[in-house]
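Colleague: There's a structure below that I have some questions on.
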Amino acid sequence: MKKKLVVLGLLAVVLVLVIVGLCLWLPSASKEPDNHVYTRAAVAADAKQCSKIGRDALRDGGSAVDAAIAALLCVGLMNAHSMGIGGGLFLTIYNSTTRKAEVINAREVAPRLAFATMFNSSEQSQKGGLSVAVPGEIRGYELAHQRHGRLPWARLFQPSIQLARQGFPVGKGLAAALENKRTVIEQQPVLCEVFCRDRKVLREGERLTLPQLADTYETLAIEGAQAFYNGSLTAQIVKDIQAAGGIVTAEDLNNYRAELIEHPLNISLGDVVLYMPSAPLSGPVLALILNILKGYNFSRESVESPEQKGLTYHRIVEAFRFAYAKRTLLGDPKFVDVTEVVRNMTSEFFAAQLRAQISDDTTHPISYYKPEFYTPDDGGTAHLSVVAEDGSAVSATSTINLYFGSKVRSPVSGILFNNEMDDFSSPSITNEFGVPPSPANFIQPGKQPLSSMCPTIMVGQDGQVRMVVGAAGGTQITTATALAIIYNLWFGYDVKRAVEEPRLHNQLLPNVTTVERNIDQAVTAALETRHHHTQIASTFIAVVQAIVRTAGGWAAASDSRKGGEPAGY
């Protein structure tokens, strides 16, 4: 009897241990690991729910492109101030099977009735129908899906249709943008209809529903991209833009095509290759920054002592200044011959010549960097990074330009339209720097404006992805992307630190180095000793999403500056 009780007791103990073990193990299959390192696949978007939607697409057997599209459709709701189907995007895609990278260009174009001198003030180019360029977002999704999609097109829309209908709590990024644009939104009934409660803008945590956009997503899911460009949604889109004073026509939409770029810009940094878009995006600017800096052979030691750290950051800022001086020569290659400019900006010899002009003890006046022209700042944006189970990756940056784009929202379709026309240079709009506007970036029908976006994928010699990275934040995008790469690749910071580490930014015009509030005082002191004008950023500098290959799997980071969080499995 005693023996029987002992056996039963042991069995009970074993059973308890098994149950406890299962309880501990089972959630880990569905629960996110706290360190955001995933063994098989990862998505880093700027909203947690959107990272999860992307992850679920991967779990359902979707490709990296499927996950990116599903997540972007979600970001267009949850961070509607940054991006959406009324905007445009660029995708850098790496296929692990073929070991080839490609870029899909779905940036907006100037309408066919546009002309170089159409704007006399920034007010016109930033707000209202005239500031709207022909949206490319949905054509971009379509081309990417045709080439790399595994899941049905409609499946990619389903989670976001549900989200838009049921509503969701306003997140950190959207809440900040609503507060920033409070006056405009509260005065405009069509915007206030969705973004206000009791005629006051929604605050973080309050519920936002987007029923009209849910209907539009449903139409696109069923009818495909054609619905937007040459189908059931087209007439209303044109009507909405023209009612707000715009010049986009049905013909503009009918004629819009996303472009496949089979040989994207690439540069080598030691044993890795970086793939990124060329002009009119800022891949060449990123390439020049990194090529200038690689000659310094940065390592962990470069930031060990306050003296070394100060010198290192000074050199980084000087590289920014030289690269941004050359940025003003870039434009849409279909309209301007930028071959030689891009060749120079990606040449190690050219970078070495500029590096030789960097003085370690001082910065220089603006004229020293030889800026030939001035290009306007670009706006917000959203970035996401994806790595799928097969090792393929997508780096996607999407935008409607400034917060809430043109502020033109359709009461029927719910689409919020871009103000991408503001990214062009205008001969008649002067700037305070006394530098002429850039002719390479003047408006022409069908032309794409210059952008700071640079979605990047880094690949090792073994053909495996090492890093997927990009940023949002207007003109600060390129420097923030460069810093994330420098922090991880050269300083050896893990991905979380590479994304969270305080940043600084200098674009030559204005002649100021902006630093984040929490940056190391030694850095600011070293810059000021070298005659840099520093100022503290009013909020933060850009928003980065990155995924890095580590020994333990895919380490993913979504920038806390916008309140995002990655997902994976």
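Note that Cβ sites are derived from N, Cα and C of the backbone, with glycine treated the same way.
Remember, it's a predicted structure, so these values are computed and weren't measured experimentally.
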Colleague: From the candidates Asp423, Asp462, Asp494, give the one listed by Swiss-Prot for the same L-glutamate site as Arg107, Thr399, Ile400, Asn401, Ser451, Ser452, Gly474.
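Modeller: The candidate from Asp423, Asp462, Asp494 that Swiss-Prot ties to L-glutamate along with Arg107, Thr399, Ile400, Asn401, Ser451, Ser452, Gly474 is Asp423.
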Colleague: Looking at Swiss-Prot, which one of Cys23, Cys74 makes a disulfide with Cys50?
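Modeller: Answer per the record: Cys74.
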Colleague: Nearest to Cys192 (disulfide bond) by Cα distance: which of the recorded positions Cys50, Asn266, Asn401, Ser451 is it?
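Modeller: Among Cys50, Asn266, Asn401, Ser451, Asn401.
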Colleague: Measuring Cα to Cα, how many angstrom lie between Asn120 (N-linked glycosylation site) and Asp423 (L-glutamate binding site)?
Modeller: 14
Colleague: What are the other residues, in sequence order, whose C-beta lies within 8 angstroms of the center of the C-beta atoms of Arg107, Thr399, Ile400, Asn401, Asp423, Ser451, Ser452, Gly474 at the L-glutamate site?
Modeller: Gly88, Asp378, Gly379, Gly380, Thr381, Glu420, Pro449, Met453
Colleague: Check the glycosylation sites Asn120, Asn230, Asn297, Asn344 for other C-beta atoms within 10 angstroms of each C-beta and report the one with the most.
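Modeller: Max Cβ neighbours within 10 Å, all protein chains included: Asn344.
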Colleague: If you draw a 10 Å sphere on the Cβ of Asp423 (L-glutamate binding site), how many other Cβ atoms land inside?
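Modeller: The Cβ of Asp423 (L-glutamate binding site) has 29 Cβ neighbours within 10 Å.
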